[in-house]
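Features of the protein shown, as given by TrEMBL:
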DOMAIN    1-165  domain 'SAM-dependent MTase RsmB/NOP-type'
BINDING   Asp85, Asp112, Asp132  S-adenosyl-L-methionine binding site
Amino acid sequence: MELQTIYKDPHIDNLLIFRPGTDLHENPLVLDGRLVLQDKASCLSAFLLNPTPSSVVFDVCAAPGMKTSHLSALMENRGKIYAFDRDRNRAAELENTIHRLGVSIAQAIHMDFLKVDVYEKKFAKVKFAIVDPPCSGSGMAKRLDFMESVENVDERRLKSLSNLQ
């Protein structure tokens, strides 16, 4: 393996910076879950939430589980994370990720968070919540799909987006 230059991010303590184009997907550290590939923008929400060890957190729209694992690292794998995703396949992916990365404090829950009774006794100690719905791409510049001339397109698009998030 060729020697690589690695930098420590100046803002996020547990984030490393590799040169653009560095492919670590087959690196043993990545394969065994000791190093997680994630861009800085994806790390910001957990970093800014800043849960302390022993915190109790809601992670909503949690799949595939990268933010859940980052929350766990910030919490030193102490406390509790209730990680929700309403899509069955994404919830299974979430469960797989937290298991593969050794996250012992997260509970993957296949459920639409809007149907959760947050006043349930087991959630009484929740002090933090992070919500990261999947991106629809609807805000991207230069998208021309809005020009479609078929009637009811807006209604179909809205329904499609609501199912996504």
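Keep in mind that glycine also has a Cβ here, set from the backbone N, Cα and C atoms.
A map of TrEMBL features onto the structure.
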residue: Asp85; record: S-adenosyl-L-methionine binding site; Cβ contacts under 8 Å, 6 or more apart: Cys61, Ala62, Ala63, Ala91, Leu94, Ala108, Ile109, His110
residue: Asp112; record: S-adenosyl-L-methionine binding site; Cβ contacts under 8 Å, 6 or more apart: Phe84, Arg86
residue: Asp132; record: S-adenosyl-L-methionine binding site; Cβ contacts under 8 Å, 6 or more apart: Ser45, Val60, Cys61, Ala62, Lys67
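Across the residues annotated as binding S-adenosyl-L-methionine (Asp85, Asp112, Asp132), the widest Cα-Cα separation comes to 13 Å. Other residues of the chain with a Cβ within 8 Å of the Cβ centroid of Asp85, Asp112, Asp132, the S-adenosyl-L-methionine site, are Val60, Cys61, Ala62, Ala63, Phe84, Arg86, Asp87, Arg90, Phe113, Val131, Pro133.
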